[in-house]
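So that you can see what the record holds, here are the features copied from Swiss-Prot:
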type: BINDING; residues: Asp82, Asp124, Lys125, Glu489; note: Mg(2+) binding site
type: BINDING; residues: Cys123, Cys192; note: [2Fe-2S] cluster binding site
type: MOD_RES; residues: Lys125; note: N6-carboxylysine
type: ACT_SITE; residues: Ser515; note: active site, proton acceptor
Amino acid sequence: MKIQLRSHESTYGRKMAGTRALWKANGMKVEQFNKPIIAIVNSFTQFVPGHAHLHEVGQFVKSEIEKQGCFAAEFNTIAIDDGIAMGHNGMLYSLPSRDLIADSVEYMIQAHKADAMVCISNCDKITPGMLMASMRLNIPTVFVSGGPMEAGNLNGNRLDLIEVMVQSADAFVSDEQVRQVELNACPTCGSCSGMFTANSMNCLNEAIGLALPGNGTIVATHTRRKQLFADAASLIVKNTYKYYEKGNENVLPLSIATRESFLNAMTLDIAMGGSTNTILHLLAIAHEAGVDFTMQDIDTLSRKTPCLCKISPNASKYYIQDVNRAGGIIGILSELHKSKLIDVSAKRVDGLTVAEAIRQFDICSTDVTKEALNKYKSAPGNRFNLVMASQQNDYDTLDTDRMNGCIRSTKYAYSEDGGLAILKGNIAMDGCVVKTAGIDENIFLFSGPAKVFDSQESACRGILEGKIVSGDVVVIIYEGPKGGPGMQEMLYPTSYIKSRHLGKGCALITDGRFSGGTSGLSIGHISPEAAASGNIGLVRNNDIIAINIPERTINVLLSEEELAKRRKEELQRGDAAFTPPNRKRIVPKTLRAYASMVSSADKGAVRII
């Protein structure tokens, strides 16, 4: 059954003559009227290295679409660089920007009645924001990312952005060494080179099914990334005609991003030790899709999914470019499939099922295509380079070692349960999140006295002033979605703990969140948060916090009676109850509006209206 183009409302008939005049002024040719209008939802900005090359990408995708007879029009969303926004009040704006991005995409597509869209994303909040919008709009959509940055290299040792932060805070590292690390940590355009939030989300998009194989792992500088852009352009044209000419709803986001797809994506996330932020984002995307996917699902998956991959920051041996050489995300999905841990009947945007994609793109498959083998041979250029798709280095061989290689089989997994876990207890009744892939197993059982701070800034001062010693549990409260507001990332506190060589001797727990670059015993997303009257707000200095990762528990060792007594005392503060009494932070109207509607992290920090 043929479906009328959405753009028909603004391009057809005598009454739309004025609108057509405006479209002509936008460059639309007469022969393009009554053809699909495909939006290029870009996120180019010169503030973010992961997005600095996307202007050329957008123009290239536009030209590829228009070669096939459609009209393509580009617009940009905002994009915040979490690394640059880190360590000051700019981080308060990062998570809220996810909703602004989703809203802006919805506004532009609905206002101009675009028929389909290609989403060109890359970094932390941009991919989830665009995914949230795609669920709301439910029009033909293809995602393609700008690609990851190459790993840095200093004297033969590979490194990334996190190494700069750690060494710069270490008093035993010379100024010259810090300068050299700074100069070499980020050598190219692209999203930072480890399994941080940006790369985690671009990898998960392959499992959700809205992005093509290689989306998350082919480096931004390689020419095969340009082929991926061309493939995305061709696919969106094909899928647009499938939907509007043939009524095929299988190409729509809500037909692809089903419960099975979210379970697959979360299983992948756990297996590869992705950023804890991905949990926040998957919950929010599922919420927009109307899919029943909760923290309980994540907890269940975390108990049966093995850890197959340890990429920086969880280990220093491998980076995203190494995942590509080992067969990319399809390689990990294939190993999960062999142990029946994912649903391979799930559909993908390219018309394949997950099973069919594995057969064609798994480098260990007997049916693997030549295209796939070439795709995963794409190597870094190993030089300073800010130009997208400008080098053609290839690996001589692929990494098919599933015993000791970058991607392991379930038989040779790093651990039987995976790289992410959900903990619950009397200070996290609705759950909290920990990236177990980045923790030394010797501290899976940990207890110690609480050192409580009511802001990230005060925690950083305390750590740098030597107020934290081995055995302590750093507790940072009032940094959740409401309490911040904005749920800051705690990368600097964790980096400072590492720089003082306390990474294996301390824990950090918070109702805030962590950068994808965080490792160590760092537990975030504590829900309900302090500002939502959560028990985490009742913890005081020197209370004993007990953490048991194998049992998935986190508790303050206080009786229910003591907690009830403290709650009563807190409520006696009236309107000031469950707010930080000593913190001086200016909160503008924009963030106050965000705080008034946002849920706790266990719901994905979504708006509750």
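Each Cβ is built from the backbone N, Cα and C atoms, and glycine gets one as well.
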Sparsest-packed of the listed binding-site residues (Asp82, Asp124, Glu489) - C-beta count within 10 angstroms: Asp82
Near-site residues: Mg(2+), ref Asp82, Asp124, Lys125, Glu489, CB cutoff 8 A to centroid: Ile80, Ala85, Met91, Ser94, Leu95, Cys123, Thr197, Ala198, Asn277, Ser515
Cα separation, the residue listed as 'active site, proton acceptor' to Asp82 (Mg(2+) binding site) (Å, whole number): 8
Binding-site residues: Cys123, Cys192 - member with fewest neighbouring CB atoms within 10 Å: Cys123
C-beta crowding around Lys125 (Mg(2+) binding site), within 10 angstroms: 29
Glu489 (Mg(2+) binding site) as reference: those recorded positions from Cys123, Cys192, Ser515 with C-alpha within 10 Å of it: Ser515
By Cα-Cα distance, the member of binding-site residues Asp124, Lys125, Cys192 nearest the residue listed as 'active site, proton acceptor': Asp124
Inter-residue Cα distance where the pair is Asp124 (Mg(2+) binding site) and Cys192 ([2Fe-2S] cluster binding site), in Å: 10
CB contacts for Ser515 (active site, proton acceptor) [other CB atoms within 10 A, all chains]: 30
Secondary structure of Asp82 (Mg(2+) binding site) (DSSP, helix/strand/coil): helix
